[in-house]
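Residues annotated as transmembrane segment in TrEMBL: 60-81, 93-118, 130-150, 156-183, 249-270, 290-312, 324-348, 368-385, 392-413, 433-456.
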Amino acid sequence: MEKFERYIFTALCSTNFLVSCLLFSKITREQREPYMDEIFHVRQAQKYCYGKFNEWDPMITTLPGLYLASVGVIKPVVWLVDLTGKVVCSTAMLRFINLLFNCGILYLLYLIICKLHLKEKTKTASRRVLSALSLSTFPVLYFFNFLYYTDAGSTFFILFTYLMTLYGCHKASALISVFAIFFRQTNIIWVAFCASTVVANKMDETWRTEQSKKKDDKSPCQIPFSVSGVKRVMRFLLEFLTTANHVKAVMLVAWPYILVAVGFIAFIVLNDGIVVGDRSSHEACLNFPQLFYFFSFALFFSSPTSLCYHRALRFIQNLKKQPLLYLLITGLCLLLVWKFTFVHKYLLADNRHYPFYVWKRIFQKHEVVRFALIPAYVFAAWNFMDTLKSRSLFWSLALLVCLLAATVPQKLLEFRYFIVPYLLYRLHMPLPSLTRLVLEFLFYTAVNAATLYIFINKTFQWPNSPAVQRFMW
């Protein structure tokens, strides 16, 4: 890290923390009591603070990573400054833990960006710093830094796991991934992604060697987007996974992740499922449109950095070159939307969340709307893949498989579930220009300002309840 870049980044970290603290103070004054799912999280964390580790709230569905981390931070502080009374493990103190995670997320984002874009032009210090700052203010994630939810800690440990994977510290990566799983069980998918990148590197090396021998293949590392190309990839995968030398080479590198996977399988067997606590509201299903919702979500939030005239023109040219392929894709999307659209009861019942209004004002307007949006889904998916075209063949396949595993089984449309895959997507895009990064930061800042303003000022009450209700992600 250059000296000037180090100073600039340190100053931005300090400024970010100061601004976040001011916002935290305002939000905590306005909403002193636990709100929404905080009611369960705060109550459980306070039990841990009082040493009641054998008591568990049946409404909580995640492992106790958040509560253990909170007690691990708060208890030493309490002993050092001799705090007593209600301030110990109060709602405000517990929420503050997520601000600390936010600082860590900013630093991890910066380190990952430096590692991923090491081979790009040298004069990118300002772009690296601004890109990390912008992503640390990603609206869906940033909002939950001020409430006692699992998102900040979960994201922190997944990013930490991935950073260690990038540096080749696979034992450390696997160890940190256990903490990520303790925050949210579904993080096992992103641990699998980290392991898959190790496998993908081995596959890419082998694929590059084989394809470079063919004189007619000018881009041996790119995804062969055709029927014949898919056949070639499938044959290669089958051969690779059935070759003892290849499997042995992968096992020697990826064994720490395999141990984590074995431990997770043991947990599922002992727990009789992935969910702890209330399982009735977290039933898995094949909700394929969730993938389309994610692509649309990614297109919206990456629009300042991914959308441009040339990309739109290239999409139109692709449509003209391969009309039958896109017609087939559209037909498949129609089938998936028709037969595999599921709507969770919470989505229809809770008018405090933004997805409720997205569903009500778009999807419920008319039955035909969900089919009319398919062309937009196709473009959003194409844009997603086109922005990652510089990434290698099997890395892209690993990301898509993990994205399917993370989104499709979810019945509930919840934007928080999109945080980690979106950050991974955005981190692996080519480093945007300074102008685009400024636009992205201003866009995120505007969305954050709007959502925080609405949360604080636009309160309402339900007819049969005196409690103040607030809008949130």
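Just so you know, glycine gets a Cβ as well, placed from its N, Cα and C.
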- Task: Go through the chain and flag residues at least 6 beyond the ends of the transmembrane segment (324-348) whose CB is under 8 A from any CB in it; none is fine as an answer.
- Result: 226, 281, 285-289, 292, 318, 355-356, 359, 370-371, 374-375, 377-378, 411-413
- Message: Within this structure, do the transmembrane segment (60-81) and the transmembrane segment (156-183) have 3 or more Cβ pairs under 8 angstroms, counting pairs 6 or more apart in sequence?
- Response: yes
- Message: Under 8 Å for C-beta pairs, could you tell me which stretch among 130-150, 249-270, 368-385 has the largest tally with the transmembrane segment (93-118)?
- Response: 130-150
- Among 249-270, 290-312, 368-385, 392-413, 433-456, which stretch has the most Cβ pairs under 8 Å to the transmembrane segment (130-150)? 433-456
- The answer for the transmembrane segment (392-413), taking Cβ pairs under 8 Å and residues 6+ beyond its ends, is 186, 189-190, 192-193, 196-197, 199-201, 203-204, 207, 221-224, 233, 281-288, 290-291, 293-294, 342-344, 346-347, 355, 358-359, 385, 420-421, 424-425, 428
